Amino acid sequence: MAERALEPEAEAEAEAGAGGEAAAEEGAAGRKARGRPRLTESDRARRRLESRKKYDVRRVYLGEAHGPWVDLRRRSGWSDAKLAAYLISLERGQRSGRHGKPWEQVPKKPKRKKRRRRNVNCLKNVVIWYEDHKHRCPYEPHLAELDPTFGLYTTAVWQCEAGHRYFQDLHSPLKPLSDSDPDSDKVGNGLVAGSSDSSSSGSASDSEESPEGQPVKAAAAAAAATPTSPVGSSGLITQEGVHIPFDVHHVESLAEQGTPLCSNPAGNGPEALETVVCVPVPVQVGAGPSALFENVPQEALGEVVASCPMPGMVPGSQVIIIAGPGYDALTAEGIHLNMAAGSGVPGSGLGEEVPCAMMEGVAAYTQTEPEGSQPSTMDATAVAGIETKKEKEDLCLLKKEEKEEPVAPELATTVPESAEPEAEADGEELDGSDMSAIIYEIPKEPEKRRRSKRSRVMDADGLLEMFHCPYEGCSQVYVALSSFQNHVNLVHRKGKTKVCPHPGCGKKFYLSNHLRRHMIIHSGVREFTCETCGKSFKRKNHLEVHRRTHTGETPLQCEICGYQCRQRASLNWHMKKHTAEVQYNFTCDRCGKRFEKLDSVKFHTLKSHPDHKPT
C-alpha cells in the first residue's frame, strides 16, 4: 500500500516538472517572437563593415564595359557566371594558340587611309574627252544647263549641235568628298554615270562619247584653280590643261623653264573656295553690239552683273566675276569658249562668241531685280556706295527671286561709257579688252541658324546683364530675363500651389509637371529595371544612381576632404560633418526619431510607419 501511495506522488511531481519546462519553452518562444536583442552601435558598425567586405569581394567593376556586357548577355541569354566562364575558356584557347600572356592582344594591321585628290576635276581626262570628240564630231560643245537637283553637287550638261551630250558632276569644296566614299576616286577623275560611253540622241557609234569642249576645259580649269585644300594652297594650269598643286619654289622653277602658267585667283576666303562651276553668260555692255566692259571699274562691273537677271540662276546661289589676262593659257591650243547658247531674246546679238579671261579680286554682290526700263547712271556717289558695301560685307548672299529673261538694252544703259575706271586691290587697272563674261555659280549651302538665347540683354560693354533676385534672403542670379521672371512669379509671388493629393503627403510644388513626377512615387509602378540585377525603380534617375553600384562610379566628391560617393543624399549627409551642429527640431510621433526637416519626418512616417494615419 505504501509503495502504491508513493507512485502517484512521483507522477504528480513529474507532471509538475514537465509543465514547468513547457511554460519555460513557451516563455522563450514568446521572447523570440518579439525580436532579437538590439546590438550596440559598435557591433552594428562592425557587422556592416564585414558584410560590405563580403560584397566587395563578389563585386566586379565593369566600368565603361558595363553597357556592352549587358548587351552581350541579353543576346546570348546566359547568366553573368556562364558568360564569364565562356569568355575565360575562350581566352585560354587563344592564349594556348599564340603562346602569350592573357592580356596580350592579337596585333591588327592598321588600315591604310585613302588619300583624297586635291582637285575636284581632273583636267587630263577632260582634255582627252574633248580631243576625242573633236576628231569624231565637227561641232564644238557648249554648256547647255546646270542641274542642282541633288543638292550635294551640280550636274553640268555639255552638248553640241549634233546632240552629243555629257553629264558632269561638279562637287563643291564646301562639302568635300569623304574618304570612305567609294565613288570619290571616280569623281576625282571626272568620271560620272554617263562618261565616255554615255548615250546620244544623234548616232549609235563611238561618237556618242560625251563631249567636253572648250567650255568644259575652261570650267574644269576654273575648278582646279580654286583650292579645295585649306586656305593658302595654290596651283597652276599648264598648256595641257593639267592642274598641279605647287609651292613657291616649284613656281619659280617652272617660270625659269618658260612654262606658260595660269595661276589661281588672288582672292582667298569664301570667294576663292566657292568658284567651282563655270556658267558662261553672254552679257554685252556699252553702245556697240561688240563692246565689252570698256572703261568700267571693277566695282561697277560687279554691280552690273548683280543687277542682271540671268536665266537658269539657282535661287540662293552666289555669283562671282572672274577676269584678267590669264585667258591666253587656256587658248594656247586654239580653244575658245563657245558662248553661243541661245538665250531666246531676239535681236539681242547674244549669239556671238565672247572671249573669256580671269579677273582677280572681285568680291560678290547681292543680286537684285532690275528696275524695269528706268535707266540709271553710275556716278561717283554710286561707286562710293558700292565700295562701302564691299567693305562691310565679306560675302553677300543672293536674294531668292523669280527667274526672268535678261534684256540687253537695260544692261546697256546700266553703266555709261563715261564712267572712270578705278584701281584694283593690287593697284593695277583693268584692260577692257581682256575682260570677259565668265560667271561662276554654285548652289549656296544653307547656313545653319543658331537659336539665339532668349531674352538675354547685353549691356553697354557687350557683357551679359545679370538679373539678381530683389527679395530678401534670396541669392538667385539669372542671365535670361525670362528665367528671372519665372523665378519671381513662381517662388516669391505665386508660391507652391500644386499640392500632392495623396493622403498623408501634402507636398507642394511650383509646377504641374513636378507634381506629376512626384505622383509616380505613390503609384507603386516600377517601370525602370536594372539590366544587371533585375532590381526595379520608380524614377529613372534612381536607376542611374543604382547602376553606379555595378560600375563602381563615384562621381560626387566632397570639396573639403575628398570623400566620394554615388548619390547626392550621401554627400549632403557627409557635409554635415564639416558644418556646425545641426538642430534636430522635428520628432516622429511613433518612434521618437528626430529629424532636421519636417519633410524628412513625413517621408520617414510613410516609409517606416505605413499603417499610421495622420491626425
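Placed from the backbone N, Cα and C atoms, the Cβ positions cover glycine too.
Checking Swiss-Prot for region 'Disordered' across the ranges 401-432, 529-560 points to 401-432. Among the ranges 1-48, 337-384, the one that Swiss-Prot lists as region 'Disordered' is 1-48.
Of the given residue ranges 73-97, 148-172, 498-522, Swiss-Prot assigns the label zinc finger to 498-522. DSSP states for the zinc finger (528-550), grouped as helix (H, G, I), strand (E, B) and coil, give 11 helix, 4 strand, 8 coil. Taken residue by residue, the zinc finger (586-609) breaks down under DSSP into 11 helix, 4 strand, 9 coil. Cβ atoms under 8 Å from those of the zinc finger (498-522) belong to residues 490-491, 538-539, 599, 602, 605-606, 613-614 of the same chain, restricted to positions at least 6 beyond its ends. Same-chain residues lying 6+ beyond the ends of the zinc finger (586-609) with a Cβ under 8 Å from its Cβ atoms: 504-507.
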